[in-house]
Amino acid sequence: VNTFNHQLLIFSLPRNMIENSMFEEEPDVVDLAKDSSTFPPFDPDEVGFEPRSSRLLVRGLGENDMDEDEEDCESSARLLGMSFMNRSSAHTSHSSPYIRHAPPRSCFRPSARTMAVSVLFLVIAASGTMVLYFLPGCTFTKMGCPKPNETSPIEPVYPVSTNGELFPWAQYRLPHSIQPLSYNLTLNPDLVTMTFTGQTTISMLVLHDTKVIVLHSSDLNISKEDVSDVTVLEYKPRDQIAIKFSKNLKAGQKCNLILEYSASLSNNYNGFYNSSYTDKDGIKRVLAATQFEPLSARKAFPCFDEPVFKAKFLIKISRQPNYITLSNMPKAQTTVLPNGLMQDEFEKTSVNMSTYLVAFVVAEFASITQNVSGTLVSVYSVTEKKNHTDYALATASKFLEFYNNYFEIKYPLEKLDLVAIPDFLAGAMENWGLITFRETSLLVGKQSSLLEKQVVASVIAHELAHQGNSFLAVRFRVLDKDALNSSHAVSTEVDTSEQVEEMFDSVSYEKGASILLMLCTSLLGEQQFRKGLIQYLKQYKGLNTNTEDLWNSLTQLSTQYWNVSEMMTSWTSQKGFPLVTMSRKGNQVTLTQEHFLLSSDGTTNASSLWNIPVTYVNDSCSLDPTCTQVFNFKTKSATFKVPENVKWLKLNYKNTGFYAVHYKDESWAALGEALSHNVSVLTQEDRASLIHNVFALSKFGRVSFLHVLNLLDYLVNETETSPVKEALLQLNTIYRLLDKRQEHGLVARMKDYMLRQFGPLINSQTWKEEERVSKQELRAALLETACRLDEESCTAQAKTMFVKYKESNGTFRIPGDLQQVVFNVAAQSSEHWTSLLEMYTHVPYDAEKRKMLLALASTPDVKHISWVLAAGLQGDIIQTQELPLVINRVSSGFAGYLFAWDFIQQNWDRLIQKFPVGSGAIQSIIKSVTSQFSTQSHLEQDFFSRLKDRGSQMRSVQEALETIRLNQRWMDTNLPTLKKWL
């Protein structure tokens, strides 16, 4: 049993030194406590509830053609993929940290001490780079900051700790009586027993007189010895521990808290967790890696695990000689320990960091490196996949230079590591200086297609450069999600760990990027937008900010004197988006706005109002961006005038605005007629947005489905990727709903309609290597649809290609964009499914391996379906990280969707042991198994309501129930029309 030590310095500093953080002296250490008895291990079923701080994520955008010097607004907006997660204000310096105060008015000018709350500025170039700013202050509301509570403070209700005493803290957020300055972490992982021991020394500054230090610890067995004047308590539901003293710690003192502990390496992808893989010789290899975002640093070391508590970190890790270790900073030295192990010590972090960005890896990895502008960029992987890292290194290096130039701020570290983890749940994680990836998100073979390389480039830079069509489709999907009543505002209160997890969704990320795109394209322009960002980053470097600071920086550079803050607050403070309805009489155009809410009872929030920069073009000039007009629309209705001879208007040019449009009177017909005569009269983005809009309006009840089908008539002449893919996605969704309802006659007629509508375009596709990425995307979408609908020539070609591939012994390669359709067709037969499974266990290319897995999960054979689901949960042949993907694919087929539904009901408790409640994985699983239900009997199943504290209150559950009701309503409304028309 390790010992618990608390060492405290009684050391006073002048106020000016405290406020300016000038703490260079080492503290005198006085041993105050020695004590014995052991903390029981935390119950993993009792999840600590912890709200998440707000943050502004500045993410990048990637593009396959790196040589073009294109810096458009879409790049910048996607680069700034924002997640505004609300964070409660810090306590003011003169208040007691142990009394529940009314929220402070952070709109007032804060004191110097309050402003010194720490910052995280992160430009992790070349990979999943982010700049993160955590936003203190009030929640965005239409009224602004909340007023202080003028009544007496509410007396806190203290919970009972594990030993029966009252726990001395009653809130989810930690008190602000202590500010950590630095952590000295020593970790000793044992990859045989899958356990680790550790010692954490936290150097702290006392901000307020207090007798208690409260911090986070989860699943750590902390050792202690009993002494009369010190008590250590724990409160498991919030992952909090408290160290109580008999005497006050005085404001201005510095102290060191030393905690020794032991724990098991996590087996559920968060905290300090164990991972494994099988090498080319069939030998199982093990490693340990970290995933701390959002609330799991506390599972690796006791800490103040909230983003506002930034500090510096010095990390030491022991290892076997055949392993390497990696951490955020470069390695400083290696020492041979008496037990024969090696201990690597890393340099102290050069900036203050939030705990969730700390990272370390212990593994048998190989690397390749390149020096870029004084920064050593490295890509790490398992040894046998080292030859799959070249593209990632080249791409990361280009993106690093792009970021340095774009922000006019040089990447501040000496090294940047990109690490491919064999068993990793997220796509990537932007740890400071050590970015971790799934193998499929980082590694590509030398023969990989451009489409596969673009996927990797997009993850590395999070779509850093000019993405075009990909981000357009992303905007469509987040509009679909944000139209539900179960959606949330970009800036939202969070109270529990599940709510924190659920904030990592498309509304937080992609909607944030979308409203920045709207701001850039409609108000500022690319150059002014960029200048505003650079000014903002430089002005607030080293500080925490609130959202107003960014908007104010952009407002100062607005050439049209727009109030950016007023506009953007209307988009971040309320959920959903507006429907703009246009009607025209002569030269007068009338606009009205309302909340576009797909609620089952048709109700909308009448008080919702947005400040909308409405862009529009007309028939005389509709393709050139310079033709665009902007109308500032911020009331319920407004009018403007156009020339009498204008035949039609198209609102929301290129769909860069985050709103839907309905055209009243003859305007829909005029647009449809224009497209039927000349497809190129509108940009492909505008054509795709019309398709998305008309399907959405059908669900909203504003247009009939016959109106939808009439607009789609123009598609026989469409050849561009964006509109075709959007139409295919919408029609395939309806096809699957009909299929699940067993509307066999309609399914057959829908199939005939789709093949007839897209037949000429499908028949024009070749099965040879295609060089252009956009054409690869289009071909893959068309042929996957054709083969799924059993179009004879498509399935025949796919079968022939698979047999050739199977019999070639590796000498014949299927083009990357055709692999999925070929494997899907092969998996429909039992013989080829078995062959595909054998290939899956040996194929060296991760992208190809994943396509095989998707095909294996698309089988109609119920025995194979059952095996795939069980194997995904087991994690031996199919990694458990892939289980959400497997469930999604199984659920899409008629044979598998009920199997998948039964599977998650039977295995729910095992699933939430693997994936945290509220996580993206759980959200994906729930959506996959329920999104194609459309009957009352499905609604009446009460599985989710029985979950109680195991997930019943998740937003994704409410979204699932709402989606089922909407599917049911759509079917009931449109089945007669479909039967008649088809």
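Count begins at 1; order follows the chain as displayed.
From the backbone N, Cα and C atoms, a Cβ is placed for every residue, glycine too.
Unlike curated records, TrEMBL annotations are generated automatically.
What TrEMBL lists as active site, proton acceptor is GLU463.
The Zn(2+) binding site feature in TrEMBL is assigned to HIS462, HIS466.
The predicted model assigns the domain 'Aminopeptidase N-like N-terminal' (179-357) a mean pLDDT of 92. Per TrEMBL, the feature domain 'Aminopeptidase N-like N-terminal' maps to 179-357.
According to TrEMBL, the feature domain 'Peptidase M1 membrane alanine aminopeptidase' maps to 391-467 (among others). Residues of the domain 'Peptidase M1 membrane alanine aminopeptidase' (391-467) grouped by DSSP class, helix first, strand second and coil last, total 33 helix, 14 strand, 30 coil.
What TrEMBL records for 474-571 (among others) is domain 'Peptidase M1 membrane alanine aminopeptidase'.
The domain 'ERAP1-like C-terminal' feature in TrEMBL is assigned to 648-965.
A 10 Å cutoff on Cβ-Cβ distances gives TYR509 (site 'Transition state stabilizer') a total of 20 other Cβ atoms nearby, all chains included. Here TrEMBL flags TYR509 as site 'Transition state stabilizer'.
According to TrEMBL, the transmembrane segment annotation covers 115-135.
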Residue counts (helix, strand, coil, in that order) that DSSP gives for the domain 'Peptidase M1 membrane alanine aminopeptidase' (474-571): 65 helix, 0 strand, 33 coil
